[in-house]
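Working notes, beginning with the structure itself.
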Number of protein chains: 2
Amino acid sequence: MDPNVHLPQVPLRKRTETLEDFNKIPAHVFPASAGRTEDGELVIAGNRVTHLADQYGTATFVMDEADFRARCRRLAEAFGGGERVHYASKAFLSRTVCRWVDEEGLALDVASHGELAVALAAGFPPERITVHGNNKNHEFITAAVQAGVELVVIDSLIEIDRVAEIARQEGRVQDVLVRVKPGVHADTHEFIATSHEDQKFGFSLASGSAENACLSCLSTDGLRLRGLHCHVGSQVFEADGFALAADRLLGLWARLVSGEKTVDADVTALDVLDLGGGYGIAYTPDQEALDVEEVAGDLLSRVATKAASYGVNAPVVNVEPGRAVVGPSAVTVYRVGTVKDVHTADDTVRRYISVDGGMSDNIRPALYQAEYDCRLANRLATGDLVSTRVVGSHCESGDILINDALMPDDIAPGDLLVIPATGAYCYMMASRYNMMTRPPVIVVADGESRVMIRRETVEDVLALENF
Amino acid sequence: MDPNVHLPQVPLRKRTETLEDFNKIPAHVFPASAGRTEDGELVIAGNRVTHLADQYGTATFVMDEADFRARCRRLAEAFGGGERVHYASKAFLSRTVCRWVDEEGLALDVASHGELAVALAAGFPPERITVHGNNKNHEFITAAVQAGVELVVIDSLIEIDRVAEIARQEGRVQDVLVRVKPGVHADTHEFIATSHEDQKFGFSLASGSAENACLSCLSTDGLRLRGLHCHVGSQVFEADGFALAADRLLGLWARLVSGEKTVDADVTALDVLDLGGGYGIAYTPDQEALDVEEVAGDLLSRVATKAASYGVNAPVVNVEPGRAVVGPSAVTVYRVGTVKDVHTADDTVRRYISVDGGMSDNIRPALYQAEYDCRLANRLATGDLVSTRVVGSHCESGDILINDALMPDDIAPGDLLVIPATGAYCYMMASRYNMMTRPPVIVVADGESRVMIRRETVEDVLALENF
């Protein structure tokens, strides 16, 4: 009926994909338990996605508990113990996930009063909680100190006085790290050895601000300086940036513990070098996650060697993965609503597939130009591959989930599409734009499923209103 | 204490601003009732912002009811009646706002089942509701048809059958518009007379898809074609794009009503040309909102002339402003938490002011590189102007509200900052990122204030969990 359907398709980046490829479930992008049944349905942890969609509706997040736990264990082993690995809760936080992290022996990072409140509500041990944030107010710091969190990461001079005063009022000495900008910026496949000073977090190493902040902490009653912190980037595939940042921080470390500038201060408590997170995961089949064993081995030996070269004891190394734990553990299940072939300006055709979600449950393509993979879940596809854009249901033309992909042309309304690697920064950044309330998060494990977070409803929205 | 504070400041775009300018409240950016008291405090609709912050906490949205209503009335007058002006509820929707829109006699656009549900829950008359969306599922269309909405905007061939089938099942004839891509793209200060075909909404005019869709609607039982719809862009300051789109749509209109291709169809119902929204507002003092009277006068005379030239009766013109109604009616009030001077890579200094909100309550700077204005609310500033970035409290370096501005250096923790023109697409796109739950929306009118939407709490988040 549409006169455009026989026009040539728009050019596409990944022309090499085949139908056979499309029907495969890429193991390094999906949860470990994902695969197809003999009749071609996608199954995760023994649950057919068609059954999950029938039971819980769509859109829905599906999280593989065993996959999440396995990634925790792998990181703990690589870095020499769970207490070295701080799960960055901003990636995905619920009480259930706090319990999993606790049971696997990992530590936990929180970056707001709300994240701390959720962790404590879950019963997470405060002595394994580290507190982040560029704007910790009095209430947040008080809650953290009263709870007895292990570490507060100092991010500004104002905070030195603020944390110390609260600690003294509470009759405590609060262990702190100082957040340092090492002048290293690592993102994806490259790192930059200079710059990235012009951002809100931390104290500049190059300018001397970081050292001054450390000296200030060392001379302030109520604080005990335990070490240094840095974070070089997000979704990093190139490990050299972490190593260079560690090298630079150890220079400051050596000056501090050598006692040169710290004659009257007790530097014996310094034992932690926190190198942050940012370990890249595979969102699409052409990516390979950062090898955490390799990075861990490299970093730990580098820190030991560098510390020895300065004649000081090596600190323990903490890391803060979030995405690398939860990112690949969850997928989003959508149902196809409409399919149409769109005549583009250059007399070609692009197929548009609309699903029952979009930028409200995954803002990352619109916000970061993030790329995702997408597979048919309820059957094997049989059609010809055509240039396709997967879009959401929002009233906004930028509401795109998959900007361009080759997808089979037999995908039709009612089919189920699954986007993998949506465990991190999707539910947490979800909005109710267009009154499309948040999907549920379903846990799958051993052939069973259960609700971790229920679907929001319009009634939930209306309950906030005075009317 | 920080060694950087005496370094030169980073270069800045707007070097011309003075302290006197900064202390002014730009009337075309703030709600109409905003001003300063004699002692220098910001007051909106007779409410001191300091009092609002004390009573409701920060961050908080403050919406001026009279300002909202006045913009409704101005648009209704410009376009020849409230029924011609469809408030685009995606910009900001609550039952209270539905009531204001209803009382001012405007019509209402909804773009999702959730938006329709809120409008109906508010008692908004369905006969003044138009239904949009690229992916209207069976439940949404059924709810719309059953409610008796005035118009459903057809966005894909699949929807023609879907709406018709539901209408027949319900024993009704549903009035519809066909969404047309006129090949015009207007954004901000320019428009492009071709292209923008490659997006999810509507049917291409140039390819003939739009005409085919109209003919299909005319020949389908259960549907009554009432007219055409288009939308050329967002935050438009240049009215020519609207006029060109109207011209192009009238070409199709004339072919339809002339009966040339529609011998057996009843075209007598065609009476609506909906030219969408996108009217630009002033986010910063250097911008001037699109003059709606001028645009309305121009469009209405253009449509009349063009229709006459085709020898057909002129359709009524509907428009769909959202931002132009609610955008300037609300501001966001933040409290300053930390202030620090950051050494940048080029040996200059930028001041960073952190406030108790950020990309969770206003994603637009990060998502669209949107620029906002910012003023001190609790007093007049007295300091020297320095290069300043206003950032939120999120654990993400991209969490920036004002990227660069000259602001006085006496702004300190505890001060209140107000960002104006946050009524549209801020609360609606708000997330709970970092468990920073949504601020409240406070209505101010005649010296009084009341809660429209209460503040969300961590308890609200936890209530969704099974634990």
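A Cβ is built for glycine as well, from the same backbone N, Cα and C atoms used for every other residue.
Those TrEMBL annotations? Automatic predictions, nothing curated.
As annotated by TrEMBL, domain 'Orn/DAP/Arg decarboxylase 2 N-terminal' applies to A:66-326.
Under DSSP, A:Lys90 (N6-(pyridoxal phosphate)lysine) is assigned to coil, being neither helix nor strand in the three-state scheme. On its own chain, A:Lys90 (N6-(pyridoxal phosphate)lysine) has A:Asp109, A:Ala111, A:Glu115, A:Gly322, A:Tyr425, A:Met428 as residues at least 6 apart in sequence with a Cβ closer than 8 Å to its own Cβ. Per TrEMBL, the feature N6-(pyridoxal phosphate)lysine maps to A:Lys90.
All protein chains included, A:Gly322 (pyridoxal 5'-phosphate binding site) registers 25 other Cβ atoms within 10 Å of its own Cβ. Look at TrEMBL and you will find A:Gly278, A:Glu320, A:Pro321, A:Gly322, A:Arg323, A:Tyr425 tagged as pyridoxal 5'-phosphate binding site.
Residues or ranges marked as substrate binding site in TrEMBL: A:Arg323, A:Arg364, A:Tyr368, A:Glu396, A:Tyr425. The local packing around A:Tyr425 (pyridoxal 5'-phosphate binding site), expressed as other Cβ atoms within 10 Å of its Cβ over all shown chains, amounts to 24.
Taken from TrEMBL, the feature active site, proton donor applies to A:Cys395. Within the same chain, residues at least 6 positions away in sequence whose Cβ sits under 8 Å from that of A:Cys395 (active site, proton donor) are A:Asn434.
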Cβ neighbours of A:Arg364 (substrate binding site) where a neighbour is any other Cβ within 10 Å:
18
Validating a neighbour-count step here. Other CB atoms within 10 A of the CB of A:Pro321 (pyridoxal 5'-phosphate binding site): how many?
27
What's the CA-CA gap between A:Glu320 (pyridoxal 5'-phosphate binding site) and A:Tyr368 (substrate binding site) in angstrom, rounded?
21
When each of the recorded positions A:Lys90, A:Gly278, A:Glu320, A:Pro321, A:Arg364, A:Cys395 is checked against chain B, which show a C-beta distance below 8 angstroms?
A:Lys90, A:Cys395
Return the residues near A:Glu396 (substrate binding site) by Cβ distance under 8 Å, restricted to its own chain and a separation of at least 6 in sequence.
A:Met359
If the pyridoxal 5'-phosphate site is taken as the center of the Cβ atoms of A:Gly278, A:Glu320, A:Pro321, A:Gly322, A:Arg323, A:Tyr425, which further residues of that chain fall within 8 Å of it by their Cβ?
A:Ala88, A:Lys90, A:Ala91, A:Ser234, A:Gly277, A:Tyr279, A:Ala324, A:Val325, A:Gly327, A:Ala424
Run through the Cβ atoms and count how many others sit within 10 Å of the one on A:Glu320 (pyridoxal 5'-phosphate binding site).
25
Cα-Cα separation of A:Arg323 (pyridoxal 5'-phosphate binding site) and A:Tyr368 (substrate binding site), in Å?
15
